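Now, the feature entries from TrEMBL:
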{"type": "DOMAIN", "residues": "20-106", "note": "domain 'Pyrroline-5-carboxylate reductase catalytic N-terminal'"}
{"type": "TRANSMEM", "residues": "201-224", "note": "transmembrane segment"}
{"type": "TRANSMEM", "residues": "245-270", "note": "transmembrane segment"}
{"type": "TRANSMEM", "residues": "290-309", "note": "transmembrane segment"}
{"type": "TRANSMEM", "residues": "330-351", "note": "transmembrane segment"}
{"type": "TRANSMEM", "residues": "363-386", "note": "transmembrane segment"}
Amino acid sequence: MEKTTDVLLLTMNSSDKQETVCIFGTGDFGQSLGLEMLQCGYSIVFGSRNPRMSRLLPNGAEVLSYSAAAQKSDIIIIAIHREHYNFLTELTEVLNGKILVDVSNNLKIKQYPESNAEYLAQLVPGAHVVKAFNTVSAWALQSRALDASRQVFVCGNDSKAKQRVMDIVRSLGLTPLDKGSLMAANEIENYPLQLFPMWKFPFYLSAVLCVFFFFYCVIREVIYPYVYEKKDRTFRLAISIPNRVFPIAALTLLALVYLPGVIAAILQLYRGTKYRRFPDWLDHWMLCRKQLGLIALGFAFLHVLYTLVIPIRYYVRWTSTNRTIAQSKLGYLTLILCTAHTLVYGGKRFLSPSSLVWYLPSAYVIALIIPCTVLVIKFILILPCIDKTLTRIRKGWERNPKFSESALNGKTDI
């Protein structure tokens, strides 16, 4: 039965690829997207103000006037700037009931009171407007350098129209991410204008960790000796304390790289399906894992540099080898080695009452909370009785089959 369903889906997909897609605009992005879609089996019709003047278009594509091109397809990609949208009001009858895909961006954040997609929906109220492809550049399409921009944010008010656009995105080898209704278009249009959009949360989190552990170590190693022993240890502020903070922050961030994957696995086991969208906070966290890992690697290199500056014996052995951020199983191996190193480094001091300062344990004890939690839960998840069920879910098995129907109808996201 599953094989029959797969064959049916493949047949549907192959037939979808033969459909005609119209592109308004013959600029760089329109040409690049049209060429990519032609290579994927779509029939492309360009709409232009001057069809006879349009040149350098992909071979096999047809060029017509806007009105004639719109009649060829029910999916129209608007690859023109917002300033030129006004002519669409003359085509309201032709565009009625059609899917309009807005791919435009602005020159600055909050340039207009409403998003370009919402403005387009106001101009052509009878059409189904979907926002997509604005995070993919013409250069990336031409050079096929899509590693950094493989994700395509999609939003729209009509679920069926949005699903058809997401099918096109997948056929191009890209990954669609449903952001909800057209109200999310403003946020999507701001993404290309933000500097390192996925780095904001990792940077803030890293800063909070560094500040917390820095002041925590200052209380234990500078303020406490001064209050009770009248010893001035402010010299530790420059090198010794930062050299404690860097490896702790690196170990914590490394654990936070794998914690969302563990939480996602627990959610899938609880729900019994993979065809339900994760919460927004977890989804955003998972998208930032690479950035968290790179920042952790940066802290590890800083720790190595500081270790070379001060030849103190209990710092030397925490080397960069244990801090190499690897993927998948190597990443977990790195986390295990770093956690084991911290346990060996602390030894009996972790459980000794004499190591407490104002009832505060060593900073390394706090640093072990998240890594040990991740490793314990991961160990439970790889037990055969649990791993077998989780593997089946990730292959498409569902405890409650009703989610299959809703997923195929575009009501949920994987």
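One is the number of the first residue shown, and numbering goes on along the chain from there.
Just so it is clear, glycine is given a Cβ too, placed from its N, Cα and C backbone atoms.
Heads up, TrEMBL stuff is auto-annotated, nobody curated it.
Bear in mind that the values here come from a model prediction, so they are computed numbers and not experimental data.
Just going by CB pairs under 8 A, the stretch in 201-224, 290-309, 363-386 that sits most against the transmembrane segment (245-270) is 363-386. Looking at the domain 'Pyrroline-5-carboxylate reductase catalytic N-terminal' (20-106) alone, the prediction's average pLDDT is 89. Here the domain 'Pyrroline-5-carboxylate reductase catalytic N-terminal' (20-106) is broken down by DSSP into helix, strand and coil counts: 34 helix, 23 strand, 30 coil.
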